[in-house]
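Visitor: Feature annotation from Swiss-Prot assigns ATP binding site to G38, Q39, S40, G41, A42, G43, K44, S45; the stated evidence is sequence analysis. Annotated domain 'ABC transporter' per Swiss-Prot: 2-241, in sequence order.
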Amino acid sequence: MIELKGLTKVFRQNGQEIVALSDVNLHVPRGQIFGILGQSGAGKSTLIRCVNLLERPTAGEVWVDGREITRLSPGELRAARREMGMIFQQFNLFDSRTVFGNVAYPLEVAGWPRARIRERVEELLALVGLADKAGAYPNQLSGGQKQRVGIARALAPGPKLLLSDEATSALDPDTTRSVLALLREINRRLGLTILLITHQMEVVKQVCDSVAILEEGKVVEQGGVLELIGRPGSRLRELFYESTEEAAHRIHPDGVRVLLFFVGASADRPLISETVRRFRVDANILQGAVERIAGATVGRLLVEFTGLPEDIQDALRFLEEQGASPEVIPNG
């Protein structure tokens, strides 16, 4: 659906060049929720604005739905943008318009007949759970409700692609979860491709199928969420499990710290007790959790193994064969 090839964006300010994006290559499959994860200043917002050409790249190609959009004429670009919806951190609603009027606005601009506009807006308000708020004004809504209006407005023209620019970062955790659940429902029901930028790990865990990590304007890693967190040494896995570091310091001097990762049915298997019985090692569980990530049940354990070195190595080979993806964490 989206293909970025050698995307580079350089800003010139006070006689200096600031490289916001450097040789970014990215593939977003059709029908996925694809996350761009990075801290402030990583280039996330610049990247998403290059996708719809609100920012024109300095170099590289931007392919959306089979078209290289940097080569389109102004008229062709306007038509292409109608197939891309966008939602924002600060909602960007018209205070003087009702909820109905905000959602109807892009359809009015596009010249839709009034009867068709009413039908479409009512359909979308039902989809986002605001059918009873059609006559309300933005100042009468909560933050989560405002974002739902923004989502409905972005969906109004029937886009193939939805761009989300930190759409949940201004919301509290409970509201964030409900908005992300709505995006997942829209993705499944409409088959809509969603490109979502965020600095929040929980957003990636809850809703993304795939992710790219952006650091200092460069993609340092990309792939399926489950694939990356199951890969020892991956950057995403490291970021997901930074919380294990405090527990990792509570270790026996002769112990070996191992991070284990389980997906699906394997998360319910008693692999640790089986490993202890078979390989004459002791296991001290320092930390553990079971979560829903990318639609799958995911378990992780930080375990301290003690015993003879050869027995521990045999145990680790066994765990790898069982799909537990063991990663030894160095001491110190």
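Cβ coordinates are placed from backbone N, Cα and C, and glycine is handled just like the others.
Give me the lay of the land around each of these features.
Guide: For A42 (ATP binding site), applying a Cβ distance below 8 Å and a minimum sequence separation of six or more within one chain yields L214, E215, E216, G217.
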Visitor: Give the sequence-ordered set of same-chain residues, not counting G38, Q39, S40, G41, A42, G43, K44, S45, with Cβ within 8 Å of the centre of the Cβ atoms defining the ATP site.
Guide: H199, L214
Visitor: Tell me the Cβ neighbour count for S40 (ATP binding site), meaning other Cβ atoms within 10 Å of its Cβ, over all protein chains shown.
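Guide: Excluding its own Cβ, S40 (ATP binding site) sees 8 Cβ atoms within 10 Å.
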Visitor: Return the residues near G38 (ATP binding site), defined as same-chain residues 6+ apart in sequence whose C-beta is under 8 angstroms from its C-beta, sorted by sequence, else 'none'.
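Guide: Residues satisfying the criterion: K44, I197, H199, I213, L214, E215.
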Visitor: Near the Cβ of Q39 (ATP binding site), how many other Cβ atoms are there if near means within 10 Å?
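Guide: For Q39 (ATP binding site), the 10 Å Cβ neighbour count is 10.
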Visitor: Which Cβ among the binding-site residues (G41, G43) has the fewest C-beta neighbours inside 10 Å?
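Guide: Sparsest of the binding-site residues G41, G43 by Cβ contacts within 10 Å: G41.
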Visitor: Mind looking up the mean pLDDT for the domain 'ABC transporter' (2-241) in the predicted model?
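Guide: Its mean pLDDT is 93.
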